[in-house]
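Shown next, in structure tokens, is the structure this report addresses.
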């Protein structure tokens, strides 16, 4: 009897140990003292920036390439911006501001004059001047380049050392902000000649930081560039970025103090981090949002009524509440409310009755379609919610979970399914957004579907440089493309959240949702 | 005789390498999702896609691509990453030292832990220690290593703050930091090995301890621990050597998960990222090196086998 008891206890012991471990840990996260004090807000009251110190950052992925013309992912920017200053810079609200070009003017619709900053050098000592700009833009438009944003520049004329003239093929209102993207990242012409194919391993730009060590997919080490043109900047002496693809790993590293800053935290984990009084969260609703891409050349979406039924049959507020714990907002248009190009009054009504009527009008019975979605926990739950909501109005959705590359290939290239639930990552300039989402010749519009009216509005917006007039045009385009044609189905905006310890100051999230690390300074 | 055995084992390796690389090469290119699209990402246009596919030689039949690759690989040229432009052999070998340290640490934990549990369990049969050992033997196999890793991190890093939650320091740079950093990943990785070795060694020890020669040793007055260590263990190790050989391959495979959880820049993490990016040149390099490693270890296992037991012939 005694031995039986011993055996029983012996078998139970490890389980008990495990249970204690779990209990011990969960009590930690629930013991947060003042949950609200750690959240956002402090941006303006962070004091005067201090020079010196270093930071370690956990980031989701390595750059696909450190040569801007070879870089292909939207998540590369935060790792490239420290090395490469751009011709034009941007504010957190995504309005252009002086970068390596101090000022600019459009002399006519198709001519842009850039006045370059003086006294700027690349990290290898090469002077930044008109010839360097010409070299770079021609390189960006060469066959080796993967950047399509500047194809509209026909030629670059160097007027003098500090002035260049860009001649455009057609007028292009997105050009300025395109020059703040990868297309505007200036690399040292000397370094290109010196390193050739190996440039991506030895990147040289004119940004605030030099890349001094790089373990691909492991660690990226930056050091301040001592001859940086802007007096007093950068604040930090050194910046180390550690690549941690798993979100829990990033959070653990932050909590245990191995990193000072963890980027890209999803809504589910924001709740958990809010209760930790040592951690500061900063977030923003960026121009990126979750949406369903449709292919209007495939049934059932070749029928406009079905597209519109899907548009009105989805309860976006329920997704915000159910999936994202109330964080973020329904996507009623293709831009977030605070953005200058947005129409804050536009609304996509959730109206199941209207949706059912639209399905009746379509003349089709037993409507069903296949929808590809990313096989990532949050997307899977989102797709299941949509399936459920559309079932209510009488549409059967077959879900096809896929990993990112496979999903992208299947929907955009092979066109194996008429719908794809994913994220639209947004662009610096609204012109690029409407062009890519709604124009028939866009790669992201596999059905090549648009209307004459929408196309002509997009062209008109391209040749309009006044911001107010542009905003009006984007409102009109969004209304036509979404409410009348339902070329795509916006779902919800999710906040982009960065988490950091209390020593990290000066970080400002921007509407791109892509971190600019070089404004950071460290307290103490 | 031994040399002949050695030569024959070596000859087996050649077709094995050829067949496994061919299979792996084809599988990698058959992974759904176009590497060119992954490469172009947000900049994809139909013209660029076609141009790049030709540049990368992806418009060739797979068998042609394989022989091109094999020809270069035999000359030690594994190509460049289609993403970063980094030389594949450089990337793989810099990662290899990291993964090697991790796998060896996990191996040490497996062997030491496994022998400890097995021997205690035999020394005190049917005692509570025996049951604890047997319980761990089951638990280690049953618990997924990533889950164990998360629990260990929660408790020892976040709660107690004894060891870091992520990262890796090479033993050459700082042995103390190395030990601190490697502890949790090695335990998570080695739990499975500990369990397997416990089970195998325990059962084979049990068999050996009932053998006639051990009984003879007892009757000559040999002490129990001496009988286990001097008489039992040597003969019971044979199946354990096989387990260790197999374990090495398993551990190498399991680094894929553990390195991601602990943000260790090793081969496993490189493999995962290469798959997600469809960086097929890098992936081919990683898999090739892993295959070669496993083949080498199996080869060594066979030889150790022959040394441990001279009666063995194949």
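Cβ atoms are placed via backbone N, Cα and C, with glycine included.
What TrEMBL says about a protein is an automatic prediction, not a curated fact.
Annotation source TrEMBL lists domain 'ABC transmembrane type-1' at B:96-301.
If you look up TrEMBL, you'll see B:12-31 (among others) marked as transmembrane segment. With a cut-off of 8 Å between Cβ atoms, the residues of this chain six or more beyond the transmembrane segment (B:12-31) that come close are 58, 62, 65-66, 69-70, 73, 275, 278, 280, 283-284, 287-288, 291-292, 295, 299.
With a cut-off of 8 Å between Cβ atoms, the residues of this chain six or more beyond the transmembrane segment (B:102-124) that come close are 130, 132-134, 136-137, 168, 182, 185-187, 189-190, 192-198, 200-202, 205-206, 209, 224-225, 228, 232-233, 240, 244, 247-248, 251-252, 255, 258-259, 264, 266. The transmembrane segment annotation in TrEMBL covers B:102-124 (among others).
The transmembrane segment annotation in TrEMBL covers B:136-158 (among others).
Within the chain, the transmembrane segment (B:178-197) has long-range Cβ neighbours (under 8 A, six or more residues past its boundaries) at 101-103, 105-111, 113-115, 117-118, 136-141, 143, 145-146, 148-149, 152-153, 156-157, 163-165, 167-171, 240, 243-244, 247, 250-251, 254-255, 258-259, 261-262, 264. What TrEMBL records for B:178-197 (among others) is transmembrane segment.
Same-chain residues lying 6+ beyond the ends of the transmembrane segment (B:236-262) with a Cβ under 8 Å from its Cβ atoms: 99, 102-103, 106-107, 110-111, 114, 145-146, 149-150, 153, 165-168, 184-185, 188-190, 192-193, 196-197, 200-201, 204-205, 207-208, 268-269, 271-272, 290, 293-294, 297-298, 300-301, 304-305, 308-309. Annotation source TrEMBL lists transmembrane segment at B:236-262 (among others).
As annotated by TrEMBL, transmembrane segment applies to B:282-308 (among others).
A Cβ distance under 8 Å defines the sequence-distant neighbours of the transmembrane segment (B:136-158), meaning residues of its chain 6+ beyond its ends; these are 117, 164-165, 183-185, 187-189, 191-196, 198-199, 202, 254, 257-258, 261-262.
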